[in-house]
Amino acid sequence: MKSKDKISYFYDGDVGNVYFGPNHPMKPHRLCMTHHLVLAYGLHNKMEVYRPHKAYPSELAQFHSEDYVEFLHRISPDTLVDCVDELKKYNLGEDCPVFENLFEFCQLYAGGTIDAARRLNNQCCDIAINWAGGLHHAKKCEASGFCYINDLVLGILELLKYHARVLYIDIDVHHGDGVEEAFYHTDRVMTVSFHKYGDMFFPGTGDVKEIGEREGKYYAINVPLKDGIDDGSFTRLFKTIIAKVVEIYLPGAIVLQCGADSLAGDRLGCFNLSIEGHAECVRFVKKFNIPLLVTGGGGYTKENVARCWTVETGTLLDTELPNEIPDNDYIKYFAPDNSLKIPGGRLENLNSKSYLSTIKMQVLENLRYIQHAPGVQMQEVPPDFYIPDFDEDELDPDERVHQHTQDKQIQRDDEYYDADNDNDHRMFDV
Ligand SMILES: [Zn+2]
């Protein structure tokens, strides 16, 4: 028997204090609720709890364009009126509003995922958790779908310094388009996304036919689903595909995005998953005993998000939690029954057996083209921690980013997708 996993958990209360606006479905307060529930169940006693560092602009620019990072740094609700053109350019506004402390919010959730990856790289833990992370829609040069900085891409880039191959798994109800796009041309990252597809559901990508390109061909997997999928069909499909992927791809590390909008009753989602079904996927991935970085993601019925991520923290700790929620600051949100588990939903399951079987066969067929796990010539490993030797407030952030980007040209040329050089890589109608 393997001794228990060592777990690092990242949290900073400030991530829960920002406000997207009164009618916006994203409520960062769900992160406070999750953390308090984790504490109420005493789970903090079984893992190492860290406050993440605030990621430096230079770290964010490892994936994002310098001008975009600089703009996020500069913009505030007070200066909005002067920046109409740039807001449009960077897709900021309705879905991705500019609010007080936006940049610090990005620095914290991205810092958590980067720290998580570094602790895994240095073998300080077996599993690292950052529920504030998982903002999978953000693009290199723009915000998208409530996401500004793509912490997942930054975490994976960090893991690639130590691991030849990284597997990314996404169980958010939405397609993990930002992460897929970033690594669409490389075989060093395999992305696997299970999501609702069709009926103009956001973001509109994620057809089973989108499989990657160039070196990355067959290294992007999409599992498009219809409304109402239940625990049984989802977990069966998930286990079959993930088991095969791990067997063939032999990843050195796994990143698991646990968006909770795939749960029944989510304000934006349309699946029937119970928390047990969702957590079963986490349990299954943990069993491979491969270094594992776990993040949050979507989730818009906030009491259920807190329930789900608490149960999954317990799952990762091999700890079964009593169903009666212990008293905590947010107990009123779990009324009237104060129970941890939620039942599956009752939407009609539009995923017929034959539909799911066809999707499964298509995915497994594509996996047959992968003969063996691709190797990589490891290059000089850049340092984990970059401590800037300047006063943050004095230098022009533009210059700062530029300098560090030059310092850290580490990626292979085809390492990740460069939106500036290729605008037609997607094949919606193939
Ligand atoms: Zn989502």
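Backbone N, Cα and C atoms are what each Cβ position is placed from, and that goes for glycine too.
DSSP assigns H137 (active site, proton acceptor) to coil in the three-state reduction, outside any helix or strand. In sequence order, S144, G145, F146, C147, N150, H174, D177, G178, P203 are the residues of the chain that are 6 or more apart from H137 (active site, proton acceptor) and have a CB within less than 8 Å of its CB. According to TrEMBL, the active site, proton acceptor annotation covers H137.
Sequence annotations record features per position, and here TrEMBL assigns substrate binding site to D95, G145, Y300. Other Cβ atoms within 10 Å of the Cβ of Y300 (substrate binding site), summed over all protein chains shown, number 22. Reduced to three states, the DSSP call for Y300 (substrate binding site) is coil.
Summarising the annotation, TrEMBL assigns divalent metal cation binding site to D172, H174, D261. Look at H174 (divalent metal cation binding site): DSSP puts it in coil.
Annotation source TrEMBL lists compositional bias 'Basic and acidic residues' at 398-414.
The domain 'Histone deacetylase' annotation in TrEMBL covers 24-314.
The region 'Disordered' annotation in TrEMBL covers 389-430.
Taking the Cα atom of each, Y300 (substrate binding site) and D261 (divalent metal cation binding site) are about 6 angstrom apart.
It is 18 Å from the Cα atom of D172 (divalent metal cation binding site) to that of D95 (substrate binding site). Under 6 Å, Cβ to nearest atom of ligand 1: this is the test, and of the binding-site residues D95, H174, Y300 it is passed by H174. Residue density at D261 (divalent metal cation binding site): 25 other Cβ atoms are found within 10 A of its Cβ, drawing on all protein chains shown. Counting neighbouring Cβ atoms within 10 Å of each of the binding-site residues (D95, D172), the lowest count belongs to D95. For the domain 'Histone deacetylase' (24-314), the mean pLDDT of the prediction comes to 97.
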